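Colleague: I have a structure I would like to understand better, so I am pasting it below and will then ask my questions one at a time.
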């Protein structure tokens with residue numbers, strides 16, 4: 001029924017230089033009396049931790065404050081004006097081929113990843129008229145970089161001559177945590193200025209990438225941008241094309257994983273926020289919800305930055321003074337908007353399923369959901385309409401939200417002029433501000449997987465892992481690492497993990513990168 005996990009892990013990618021992270025050794029699983037562990041947070045990180053612990057025979061309780069699992073990729077039903085019940089979510093997410101550990105989690109319930117659909121291109125448009133694409137760019141570095149430069153309209157011969165090679169070659173050998181030691185002190189924008197990237201390439205390709213962190217590139221750490229270059233472009237041969245779930249997140253991902261957890265005897269408690277943690281003098285921890293206090297042997301904190309700050313503040317005995325102070329300084333990225341629009345007519349047949357944009361006011365990307373999501377496609381076929389989604393990241397906290405929504409729609413009309421004549425049958429607007437912020441100089445404040453208390457581990461996409469991972473893959477990887485740390489204490493085998501190469505891909509590239517030092 002389910003894929004069986006051996007703990008050894010499989011890369012399942014094309015990159016022969018992908019790096020293995022060995023699992024802690026030990027016996028196969030608990031037999032007899034096993035420890036009780038609470039995992040707090042039912043997003044990707046929490047599900048990964050709960051999955052591995054349960055597979056090893058640990059007694060796991062998973063706490064999630066929302067009605068369903070998935071965290072920031074959750075979904076919920078909503079009824080349209082035509083009476084149709086559809087699934088709303090926080091929008092498009094790209095499942096890149098480099099996400100080895102996230103894909104390994106999904107393979108527990110979908111061994112062939114048939115729930116994911118490949119998108120054929122990753123196009124980028126700028127309001128000035130410039131357009132770029134990654135469909136024809138070679139996947140293997142350094143051919144990928146050379147191909148992008150050769151094919152992109154944003155790079156000319158004059159631009160190449162202006163580039164500062166001493167600053168640029170450091171991107172050829174990105175290592176964690178060294179990249180943070182070198183670049184965490186400057187912004188992504190200042191770093192690109194130092195390299196003297198062409199202005200057009202700066203705004204089109206690299207600003208689009210940096211805003212995927214839900215942050216203004218003027219505030220984003222250059223180390224995160226350099227790591228992103230390495231993961232998606234210069235360090236991996238998996239390429240920049242990606243997959244998307246073929247159905248809404250709950251049906252494609254979380255409902256099967258919820259069932260998998262229950263089969264492995266995980267007590268999944270949704271609609272149950274955790275209020276306080278109190279370490280016990282003799283070992284273990286007391287966890288308090290709205291209606292009870294329960295003792296556990298260990299704890300995985302798999303919360304977003306804001307929820308982690310609040311829980312630690314409400315738990316004065318948790319951790320030590322330095323750890324608590326660093327947690328208190330964690331920042332949350334600015335608000336972002338997801339607008340989903342149900343239109344009375346289709347967009348042009350040649351519009352891509354996903355489009356990254358720059359220079360269109362607040363609009364950062366456009367998705368035509370009925371190109372790839374089954375539920376949206378069925379609605380579009382029945383109504384002869386279309387389902388379009390707009391994202392606007394890093395919105396000023398004091399912005400007029402209605403005005404931002406209206407302006408994003410106006411920019412859609414610029415991007416896809418045929419939508420001007422479309423009638424808006426229904427719309428949903430989701431405003432959220434719960435993604436982690438990776439500000440200049442902020443790396444030292446981010447928690448690691450291990451806390452001062454060996455019975456408490458931390459997971460999430462803001463966690464320092466010492467590995468070249470980001471976004472959803474950082475969440476999944478940190479969840480497995482958090483479980484590994486606990487299993488290692490108990491002498492039980494952990495999960496083997498994979499990452500993109502952990503340094504430059506060849507000795508030549510590494511020697512070139514050394515010139516930047």
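Cβ coordinates are placed from backbone N, Cα and C, and glycine is handled just like the others.
Quick caveat, the model's predicted, so the values are computed rather than measured.
When I checked Swiss-Prot for this same protein, it listed these features:
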REGION    1-24  region 'Disordered'
BINDING   45, 64, 65, 72, 99, 461, 472  FAD binding site
Colleague: Measuring CB to CB from residue 65 (FAD binding site), give everything in the same chain under 8 Å that is also at least six residues away in sequence.
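Modeller: When sequence neighbours closer than 6 are ignored, residue 65 (FAD binding site) has 271, 272, 273, 274, 307 within Cβ distance under 8 Å.
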Colleague: For the FAD site as recorded (45, 64, 65, 72, 99, 461, 472), determine the largest distance between any two Cα atoms, in Å, rounded to the nearest integer.
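Modeller: Greatest Cα-Cα span of the listed binding residues: 26 Å.
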Colleague: Would you identify the secondary structure of residue 461 (FAD binding site) according to DSSP, in three states?
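Modeller: Its secondary structure by DSSP: coil.
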Colleague: For residue 99 (FAD binding site), list the number of other Cβ atoms lying within 10 Å of its Cβ atom.
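Modeller: 29, counting other Cβ atoms within 10 Å of residue 99 (FAD binding site).
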